[in-house]
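Let me begin by presenting the structure, written as structure tokens, before commenting on it.
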Amino acid sequence: MNYDKLDPELYPTKLYLSPEKDKLFEKGVWPKPFAFNQDVVNVFDNMISRSVPLYQEVLTCAAHWAREYYQPGTRIIDVGCSTGTFLELLGRFLKQNATLVGIDNSQPMLEKAEQKLVQIKQIHQIEFICDKAENCSFENSSVVVINYTLQFLPLQVRQLLLRTIYEGLVPGGLLFVSEKVKSPYPQFQETITRHYEAFKAHNGYARTEIERKKEALENVLVPLTEAQQVQMLYDSGFNQVDSLIKLHNFISWVALK
Ligand SMILES: C[S@@+](CC[C@H](N)C(=O)[O-])C[C@H]1O[C@@H](n2cnc3c(N)ncnc32)[C@H](O)[C@@H]1O
Ligand SMILES: O=C(O)C(=O)C[C@]1(C(=O)O)C=C[C@@H](O)C=C1
């Protein structure tokens, strides 16, 4: 990544993604539950960028909102930071030195994140916490980002985590959250799923890979409806919630304390 040529005022569209291609569901012994293990981590950047619609745009949008709502002297926390792709992008985009925290309970993910943020560490204070997010403190944070992570937590843990995030945020603090959701209307859910799977096929996944992944995610990734997720945000204490981006069954919101 050539940091010299990146003007922080530019719309930072280029993500730092490792090139290893996701072929996990091409072969191997399936079905088995999906897990963020070493095999997944090795190909994760390719997997998520080919599997989440508008992934690059969502992270870019989160970087813009984070820069705008960041309060000097506080922390910016990425929950479920995976290989550090968002924090690396944000680190290039923030104009002033900041404290950036990545939380993830997968040690292999954080090993990749450490490598990815080597140069960013020369600009910002970087901290990685390998723990369940629900065990962590969010005190003195002005921005918390949680993209495509709540969906993997037990339902009762999601509400507890969002309440803890709300209480840890400083006044005027921002939560940026993205999730896979389900339509409350069965016919729409079928149509959206068909279009989402066509999106995956367009990105090079074979039908067998798509089916095997879907089976592996059963009961591992548990989506809510938009309305359920928004209600959970209000129940956590947030008083302003708005949606920013949605394509197929993936949506992003911002919430203000
Ligand atoms: C789909 S990935 C998130 C993608 C990432 N936010 C991004 O935008 O590239 C979900 C991540 O959440 C992590 N995770 C799952 N359950 C967690 C928990 N209870 N606490 C912290 N991290 C968790 C996984 O290890 C994985 O890295
Ligand atoms: O729902 C799916 O089929 C996906 O592949 C989505 C999803 C996600 O939303 O996190 C699932 C697992 C991986 O983390 C990458 C993408």
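Note: Cβ is positioned from N, Cα and C throughout, glycine not excepted.
Bear in mind that TrEMBL entries carry predicted annotations, made automatically and left uncurated.
Y55 (S-adenosyl-L-methionine binding site) carries a helical DSSP state (H, G or I). Annotated S-adenosyl-L-methionine binding site per TrEMBL: Y55, G80, C81, S82, D104, N105, N147, in sequence order.
What TrEMBL lists as domain 'Methyltransferase' is 76-173. In the predicted model, the domain 'Methyltransferase' (76-173) has a mean pLDDT of 97.
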The domain 'Methyltransferase' (76-173) - residue tally per DSSP class, helix then strand then coil: 42 helix, 28 strand, 28 coil
Test of understanding: give the count of other CB atoms lying within 10 angstroms of the CB of N105 (S-adenosyl-L-methionine binding site). 18
Close to ligand 1, in the sense of Cβ under 6 Å, among Y55, G80, N105, N147 as binding-site residues, are G80, N105, N147
List, in sequence order, the same-chain residues at least six positions removed whose CB sits under 8 Å from that of C81 (S-adenosyl-L-methionine binding site)? L87, G102, I103, D104, M109, L110, A113, F128
